[in-house]
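The structure under discussion appears below in the form of structure tokens.
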Amino acid sequence: MEGGAATRLSGDLLLTAALLLLQSGAGVILVSGECGEPPRLNDGFPDIDLTQTSFPVGTRIRYRCNEGFSLAEGKSPLITCQADSSWTAFVTVCEANSCGAPPDLLNGYYKTTSVVFGGIVTYYCNEGYNLVGKDTQNCIAHGWDGRTPVCDAVTCDDLPPIENGKTPPLLQENWEYENAATFTCNPTYTLIGERTIYCRANGTWSDIPPKCKVVECFRPDPPITNGRIIAGLGPKYKYRETIIYQCNEGFRMVGNDSIECGENSMFPKAPLCISDEASTVMPTTRGPAEPPVTVPGRAPTDQKPSPTSAPKKDIGLILGLVLGLGAASFVGFGIAYWFLSKKKRGNSETAEKVPMSSPPKDVQAEPFSDELREVH
Ligand SMILES: *[C@@H]1O[C@H](CO)[C@@H](O)[C@H](O)[C@H]1NC(C)=O
Ligand SMILES: *[C@@H]1O[C@H](CO)[C@@H](O)[C@H](O)[C@H]1NC(C)=O
């Protein structure tokens, strides 16, 4: 304890001596009782001549902060060289400057690593908007650098004028994301397609513009046999108006019970009413597993292979032959085969009792009556 007091005392003396020397301008003489290099401050530095490595007792050093950092408010930025050759402890700290919250982005949003010096903000645009400008800003000493980007709405192509109708006028510079365009047709014209289309997020329209057509269907003639119309008597029909059919007692419907006036002013094929009796008689006269013995007369005579006995193998075989025979006979065979397979399908359909709900599309009145005639 005594020794410490003595050191302090002699230190004070030395300090006095040093100060006297400094004041007299005789230069600094380094003696014991000096402090060494001042301690480091995070994100700051001592405001001294960097070449100076020792400091007399009583020296006060001020700290400053690096760029982007500021001294904590209300705390002394000074340290002092004490008589025991140690520096007083720091009370200050350097705090990163805040750039504040980034500006809000209309039709977009941002994410930040931090909003203080060194932080980065990244901007994003909402769906249907394109970012114009740089998508990032850095928090530098004086705030966010550069310029905040903007989110511009995606635009869609101009709409062409439509015939016999009106294309909606463009009320702004461009058609933009989520804009709706509603078309109208001139009187007596029917709008085919979507009345309203939308500009989508990727700059495409939700649909092609509609068409304006004159659509008028007439009640199909001749009327359905063994059935009747139960709704939509017509005789004229507008686009999409329907006729609904019903079969008479003892008859079964093949096809959709309702048909719709199409944009080509035509109804699709009306359903058929088939006698319940006819469809039960068929399998007894000609079973589905039983291959037909004779090829119906409609097929060209130069065709030998039976289409029902392993047709796949035959195709391979015949294809080989046909390659040699040439293109002409190939075409001939193709036509013949098509006839035969069609015929065969007709047979199995009538035999298997075609379900009402899903009639095959190519079942037609003609083949049916042909079959019936042949069978009886
Ligand atoms: C645009 O987006 C729609 C779905 O919203 C998609 O079906 C279409 O293929 C896209 N077109 C292009 C060119 O990307
Ligand atoms: C029948 O036709 C109508 C249109 O007229 C359609 O909406 C319906 O889906 C069709 N039904 C079947 C089973 O095909």
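A Cβ is built for glycine as well, from the same backbone N, Cα and C atoms used for every other residue.
Here is what TrEMBL records for this protein:
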DISULFID  C156-C199  disulfide bond
DISULFID  C185-C212  disulfide bond
DOMAIN    33-96  domain 'Sushi'
DOMAIN    97-153  domain 'Sushi'
DOMAIN    154-214  domain 'Sushi'
DOMAIN    215-275  domain 'Sushi'
REGION    281-311  region 'Disordered'
REGION    346-376  region 'Disordered'
SIGNAL    1-27  signal peptide
TRANSMEM  315-340  transmembrane segment
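Summarised by DSSP class, the composition of the domain 'Sushi' (97-153) is 0 helix, 28 strand, 29 coil. Cβ neighbour count for C199 (disulfide bond): 24 (other Cβ atoms within 10 Å of its Cβ, all protein chains included).
A simple way to gauge crowding: the CB of C212 (disulfide bond) has 21 other CB atoms within 10 angstroms, across all the protein chains here. Residues in the domain 'Sushi' (215-275) partition by DSSP class (helix H, G, I; strand E, B; coil) as 0 helix, 26 strand, 35 coil. If you average pLDDT over the domain 'Sushi' (33-96) in this model, you get 91.
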